[in-house]
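Quick look at what Swiss-Prot annotates:
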- H83, H182: heme b b562 binding site (BINDING)
- H97, H196: heme b b566 binding site (BINDING)
- H201: ubiquinone binding site (BINDING)
- 33-53: transmembrane segment (TRANSMEM)
- 77-98: transmembrane segment (TRANSMEM)
- 113-133: transmembrane segment (TRANSMEM)
- 178-198: transmembrane segment (TRANSMEM)
- 226-246: transmembrane segment (TRANSMEM)
- 288-308: transmembrane segment (TRANSMEM)
- 320-340: transmembrane segment (TRANSMEM)
- 347-367: transmembrane segment (TRANSMEM)
Amino acid sequence: MINIRKTHPLMKIINDALIDLPAPSNISSWWNFGSLLGLCLITQILTGLFLAMHYTPDTSTAFSSVAHICRDVNYGWIIRYLHANGASMFFICLYIHIGRGLYYGSYMFQETWNIGVLLLLMVMATAFVGYVLPWGQMSFWGATVITNLLSAIPYIGSTLVEWIWGGFSVDKATLTRFFAFHFILPFIITALMIVHLLFLHETGSNNPTGIPSNMDMIPFHPYYTIKDILGALLFILTLLTLTLFSPDLLGDPDNYTPANPLSTPAHIKPEWYFLFAYAILRSIPNKLGGVLALLLSILILVLIPMLQTSKQRSMIFRPFSQLLFWTLVADLLTLTWIGGQPVEHPYIIVGQLASILYFLLILVLMPAASIIENKLLKW
C-alpha cells in the first residue's frame with residue numbers, strides 16, 4: 001500500500017515540511033525559536049479572535065469594552081492577558097531568532113532573510129496598531145507621537161499624517177482603521193511565514209558550524225518534533241507564569257487611565273519591545289534625522305548579507321566577531337533601558353553613545369573584525 005502521507009496533494013506538503021524534511025543533525029536549541037514563533041502567531045490569532053468578538057472600536061466605548069472583557073466575559077481576563085503578554089513573548093522569540101541568524105550566518109540565505117525582515121516590520125506594525133486599541137492614555141499618546149513622525153517627510157508629511165488619522169487628530173476614524181489593520185495584518189503575516197518557510201526549504205537549514213551538512217541529515221520527525229514540543233511546553237509555561245502571576249509586569253500603568261487628549265502623560269513611551277528603536281529616534285535632535293535613524297535601525301538588517309566579509313559563515317570559530325556580537329546585544333539592552341528613561345542629563349548622552357555604537361558595530365566594526373580574522377587564518 002502506498003503511504004497516503006506521501007501521495008495526497010495536501011498531506012504531501014505537510015509531510016515535506018514537518019515530517020520527512022531533512023534537517024542537520026547538529027542544530028541546537030537556538031533553532032527552536034522558528035517553531036515557537038509559529039506557536040506565538042497561532043496563540044495571538046486565537047486569543048485576538050475571541051477578544052474581537054467583544055471589543056468595540058469606538059472612542060466612547062473602546063476602553064470600557066476592554067474592562068467589560070476582563071470583568072464580565074467568561075475567562076475574558078485570561079484571554080486579554082494572554083494576548084498582551086503573548087505579544088511580549090512573540091518579540092522575545094523574534095529577537096532571539098534574529099540574533100541566532102546573525103550569530104550563525106543564516107542571513108546568507110538571502111531570500112529567507114529578507115522575507116524575515118519584512119515579517120519583523122509587519123509584526124512591529126501589528127503590535128503598534130494593537131497597542132492603540134485599549135484606548136488608554138499611553139495608547140492615545142503613543143499613536144499621536146508615532147504617527148506624527150511621518151510629518152517629518154518633506155512636502156507630503158502633514159497631508160500623509162492627516163490621511164492616516166482620518167481627520168486633524170487621533171480620533172474615532174483612527175481607532176476604527178487601526179482595528180481593521182490589527183485584524184488583517186496577522187493573516188498577511190501567516191502568508192509571509194509560509195513563503196519564509198518555502199524559501200528556507202529550498203536551501204535547507206543552516207547549522208551551528210555554518211558548513212554544508214548535506215552528507216549528515218536526519219528526518220525532522222521524530223528528532224526535531226520532540227525537541228520542538230519541549231520548546232513549546234517551556235514557552236507555554238513561561239507565558240502562563242507571566243500571565244497568571246504578574247500580568248501587568250510589562251505593561252504601562254498609564255494605560256489604565258482612559259485616553260484624554262487634554263492631559264499628556266509625564267513620559268510617553270511605547271511597549272518595552274520598541275524601546276531600543278525609540279531610544280535611537282530620541283537620540284537625534286532633528287525630527288527627520290531621528291525618523292531616518294529609527295527606520296535604518298531596523299532596515300540595517302537588509303544590509304547584513306552585503307556586509308559579510310568573513311571567509312567563515314558562522315561566528316563559532318571567530319572570537320573577535322563573537323565579542324562584537326555580544327557587545328551589540330549589550331548595546332541593544334542599554335538602548336532598551338534608555339528608551340524607558342526620561343529625557344534628561346545622564347540618559348541623553350548614554351543614549352546617543354549607544355545609538356552611535358549600534359550603527360558602528362554593524363556597519364564598521366564587525367566587517368573589519370571579519371577581515372582581521374581572515375588574515376589570522378593564514379598564520
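Every residue gets a Cβ built from N, Cα and C, even glycine.
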### Query
Taking a Cβ cut-off under 8 Å, which residues six or more beyond the ends of the transmembrane segment (113-133) line up next to it in the same chain?
55, 57, 62, 66, 87, 90-91, 94, 97-98, 101, 106-107, 139-140, 142-143, 146, 170, 174-175, 178-179, 181-182, 185-186, 188-189, 192-193, 195-196, 199, 270-271, 273-274, 298-299, 301-302, 304-305
### Query
Compared by Cα position, which of the binding-site residues H97, H196, H201 is the closest one to H182 (heme b b562 binding site)?
H196
## Note on the structure
Given the transmembrane segment (178-198), its same-chain partners at Cβ distance under 8 Å and 6+ residues beyond its ends are 17, 37-38, 41, 44-45, 48, 52, 55, 57, 112, 115-116, 118-119, 122-123, 125-126, 129-130, 132-133, 143
### Neighbouring C-beta atoms (10 Å sphere around the C-beta of H182 (heme b b562 binding site))
22
## Note on the structure
Rounded to a whole number of Å, the separation of the Cα atoms of H83 (heme b b562 binding site) and H196 (heme b b566 binding site) comes to 24
### Query
Looking at Cβ-Cβ distances, which residues of the chain lie under 8 angstroms from H97 (heme b b566 binding site) while being 6 or more apart from it?
F33, G34, L37, G116
### Intrachain neighbours beyond the transmembrane segment (226-246), with Cβ under 8 angstroms and 6 or more residues off its ends
29, 32-33, 35-36, 39-40, 43, 78, 81-82, 85-86, 88-89, 93
